[in-house]
Amino acid sequence: MLLLALTVPGLLCVPLWWFIPESPRWLISQRRFREAEEIIQKAAKMNSIAVPVVMFDPMKLQELKPLKQQKVFILDLFKTRNIATITTMSVLLWMLTSVGYFALSLNSPNLHGDAYLNCFLSALIEVPAYITAWLLLRTLPRRYIIAGVLFLGGGVLLLIQLVPTEYNFLSIGMVMLGKFGITSAFSMLYVFTAELYPTLVRNMAVGVTSMASRVGSIIAPYFVYLGAYNRVLPYMVMGSLTVLIGIITLFFPESFGMTLPETLEEMQKVKWFRFGKKTRDSMDNEENPKVLITSF
């Protein structure tokens, strides 16, 4: 019955096929300009936004090549040193964030007090976490807000060891605050990863990194078992890994307010790393960078 209760609600998503419009960006890449224009006009009308009479430049449209003519494979996510570095960091970011998220969720019944209440609070804290993530994504740079909430989540988990055992309510509050930070970061990763990669491999990149998060969810229960040796040991390990991945996040390229890349060559460079000698073209690109993200 539990499995039935978990799977049946998914059937409600099937009718969405007829209600959710296709991506205008993908339609344009397939040269289906009329359909893309209709979807954009409908969205603009719903948001009370005026659209120009001529939406697409005919000259530029003639230069577009359908993406289906370009075959891509999973190894293209490691095609160059820069792309391979971004992919590797993304895999680590997703996996370690997933470890923290699921380990905290699974460890909720082990907290002091009523196990049912603790599980309820662990689920309830996700509501403000998602709302906060949504608000932050609308206005602030991705790297800093993701790193910030990871530092928040990891920091409070590391501080739990300083709380006296008699202050159980304070320990529970800090665990929930840690869950708040990690949940916020987890929800932001879908947007951040999609903005980093070009249209050509965007779905593939999100799929690969999401698969890495599933690996993290498989590993997470073993972190919970560390509590058999010391009650704060799981929080120490999770907190350390969360802070570490927060630091790594600062090395990602920024994507807030930038145009989404269309090709692998348009991907931004990793921060504070140099790959080979600079050429005249690369220096020109740095002086006139191609912008890369969406804003909400």
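Numbering starts at 1 and runs along the chain as displayed.
Positions of Cβ are set from backbone N, Cα and C atoms, glycine also.
Straight from TrEMBL, the features:
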- 1-257: domain 'Major facilitator superfamily (MFS) profile' (DOMAIN)
- 6-24: transmembrane segment (TRANSMEM)
- 83-103: transmembrane segment (TRANSMEM)
- 115-137: transmembrane segment (TRANSMEM)
- 144-163: transmembrane segment (TRANSMEM)
- 169-192: transmembrane segment (TRANSMEM)
- 204-226: transmembrane segment (TRANSMEM)
- 232-252: transmembrane segment (TRANSMEM)
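Between the transmembrane segment (115-137) and the transmembrane segment (169-192) there are at least 3 Cβ pairs closer than 8 Å, counting only pairs 6 or more residues apart in sequence, which means the two stretches are in contact. Contact count against the transmembrane segment (232-252) (Cβ pairs under 8 Å) is highest for 144-163, out of 6-24, 83-103, 144-163. Distant neighbours of the transmembrane segment (6-24): 35-36, 39-40, 42; these residues of the same chain sit at least 6 beyond its ends, with a Cβ under 8 Å from one of its Cβ atoms. Confidence over the domain 'Major facilitator superfamily (MFS) profile' (1-257), given as mean pLDDT on the 0 to 100 scale, stands at 88.
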